[in-house]
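Taken from Swiss-Prot as is:
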type: DISULFID; residues: Cys95-Cys187; note: disulfide bond
type: CARBOHYD; residues: Asn17; note: N-linked glycosylation site
type: TOPO_DOM; residues: 1-23; note: topological domain 'Extracellular'
type: TOPO_DOM; residues: 48-55; note: topological domain 'Cytoplasmic'
type: TOPO_DOM; residues: 78-98; note: topological domain 'Extracellular'
type: TOPO_DOM; residues: 119-137; note: topological domain 'Cytoplasmic'
type: TOPO_DOM; residues: 157-193; note: topological domain 'Extracellular'
type: TOPO_DOM; residues: 218-234; note: topological domain 'Cytoplasmic'
type: TOPO_DOM; residues: 258-270; note: topological domain 'Extracellular'
type: TOPO_DOM; residues: 291-320; note: topological domain 'Cytoplasmic'
type: TRANSMEM; residues: 24-47; note: transmembrane segment
type: TRANSMEM; residues: 56-77; note: transmembrane segment
type: TRANSMEM; residues: 99-118; note: transmembrane segment
type: TRANSMEM; residues: 138-156; note: transmembrane segment
type: TRANSMEM; residues: 194-217; note: transmembrane segment
type: TRANSMEM; residues: 235-257; note: transmembrane segment
type: TRANSMEM; residues: 271-290; note: transmembrane segment
Amino acid sequence: MEMRNTTPDFILLGLFNHTRAHQVLFMMVLSIVLTSLFGNSLMILLIHWDHRLHTPMYFLLSQLSLMDMMLVSTTVPKMAADYLTGSKAISRAGCGVQIFFLPTLGGGECFLLAAMAYDRYAAVCHPLRYPTLMSWQLCLRMTMSCWLLGAADGLLQAVVTLSFPYCGAHEIDHFFCETPVLVRLACADTSVFENAMYICCVLMLLVPFSLILSSYGLILAAVLHMRSTEARKKAFATCSSHVAVVGLFYGAAIFTYMRPKSHRSTNHDKVVSAFYTMFTPLLNPLIYSVKNSEVKGALKRWLGTCVNIKHQQNEAHRSR
């Protein structure tokens, strides 16, 4: 009789090997990840430090930065530690943690981007009613809903995925535990779960995406009816950053989770997963800081404050 689950750990084959080219690539990825963590941390700091950014729009942006930081922290530290130490094992509990947080953060970000699109719709199409249409109470409810819906999906995936038997097939050809990759190793019929997961992914991607498209369709119609060129420019400026982030996130997510099995390959999965877990979190703060004058203004004021504090400390030190 075949023994099941005799090995408690899984083996992550990783993203890199120890060739010279991959060592350079690893250092580049590590630099990108550290820059991503710094950029998102700075975005959160600026939003909470500058009272001019204490609006629902920037609160939602701070939640996006928090999700991106957590997404990077869920996968990269383990990948880097495995590469540096040569140990590729990950426990079932560790695998479960990654399986839980990835859908939690990815799914939460789907809904959060829809909430941000509604915020822009209210600001552009109904500026006089914006405080009512996007009250702080509604903003907090929407934020909590994004986290809870993502967490419900993550918990379901983690529990069901780890409940399958793995009869000695413990090598995961990936750099983190991801449900679609892991269920391929199960020595049980996973077709029902895979179909249910596919439907769930389609709903979690397409429902928010449809809301985003509807919001921007209404925004575009409102902008085209604006007589003032300056008002049009301001409306496009306030929405362009969000549109760019939506395009990056949904492009990678749809390519990853909505492709037929016949078009899947391990190498493609790794590349796309690296894009949305490492590169997208880097690009988000860059997009918002480059395109948003209010964020750039907050950064200048914060740097000015830091310089003044340093100058005062030096003056106090000299006077002693």
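A Cβ is built for glycine as well, from the same backbone N, Cα and C atoms used for every other residue.
Taking the features listed in Swiss-Prot, we show where each one sits on the structure.
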{"residue": "Asn17", "record": "N-linked glycosylation site", "Cβ within 10 Å": "11"}
{"residue": "Cys95", "record": "disulfide bond", "Cβ within 10 Å": "22"}
{"residue": "Cys187", "record": "disulfide bond", "Cβ within 10 Å": "14"}
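Beyond its flanks by at least six residues, the topological domain 'Cytoplasmic' (291-320) meets 42-43, 45-47, 49-50, 52-53, 58, 237, 240-241, 244 of its own chain at Cβ-Cβ distances under 8 Å. In this structure, the C-alpha atom of the residue listed as 'N-linked glycosylation site' lies 21 angstrom from that of Cys95 (disulfide bond).
Within the same chain, the transmembrane segment (271-290) packs against the transmembrane segment (56-77): three or more Cβ pairs sit under 8 Å, each pair at least 6 residues apart. Counting only same-chain residues 6+ beyond the ends of the transmembrane segment (235-257), those with a CB under 8 A from a CB of the stretch are 64, 106, 109-110, 113, 116-117, 120, 123-124, 180, 198, 201-202, 205, 209, 212, 216, 219, 222-223, 226, 269, 272-273, 275-276, 280, 283-284, 287-288, 291-293. When each of the listed stretches 24-47, 56-77, 99-118, 194-217 is scored by C-beta pairs under 8 angstroms to the transmembrane segment (138-156), 99-118 comes out highest.
Recorded stretches compared: 24-47, 56-77, 194-217; the one with the most Cβ pairs under 8 Å to the transmembrane segment (99-118) is 56-77.
Here the transmembrane segment (56-77) sits apart from the transmembrane segment (194-217); fewer than 3 CB pairs are under 8 Å, leaving out pairs fewer than 6 apart in sequence.
Counting same-chain residues at least six beyond the ends of the topological domain 'Cytoplasmic' (218-234), those with a Cβ under 8 angstroms from any Cβ of the stretch are 120-121, 124-125.
For the topological domain 'Extracellular' (157-193), the number of residues in each DSSP class (helix H, G, I; strand E, B; coil) is 17 helix, 2 strand, 18 coil. For the topological domain 'Cytoplasmic' (291-320), the DSSP counts in helix, strand and coil order read 28 helix, 0 strand, 2 coil. Within its own chain, the topological domain 'Extracellular' (157-193) is flanked in space by residues 2-7, 9-15, 74-75, 78-79, 90, 92, 94-100, 102-103, 257, 266, 269-270, 273-274, 277, which lie at least six positions past its ends and keep a Cβ under 8 Å from the stretch. Here the topological domain 'Extracellular' (78-98) has Cβ contacts under 8 Å with residues 8-16, 26, 30, 158, 161-162, 175-178, 182 of the same chain, all six or more residues outside its ends.
Mean pLDDT for the topological domain 'Extracellular' (157-193) in the predicted structure: 88. Long-range contacts of the topological domain 'Cytoplasmic' (119-137) within the same chain: residues 56-57, 60, 215-216, 218-219, 222-223, 235, 238-239, 242, each at least 6 residues beyond the stretch ends and with a Cβ under 8 Å from a Cβ of the stretch.
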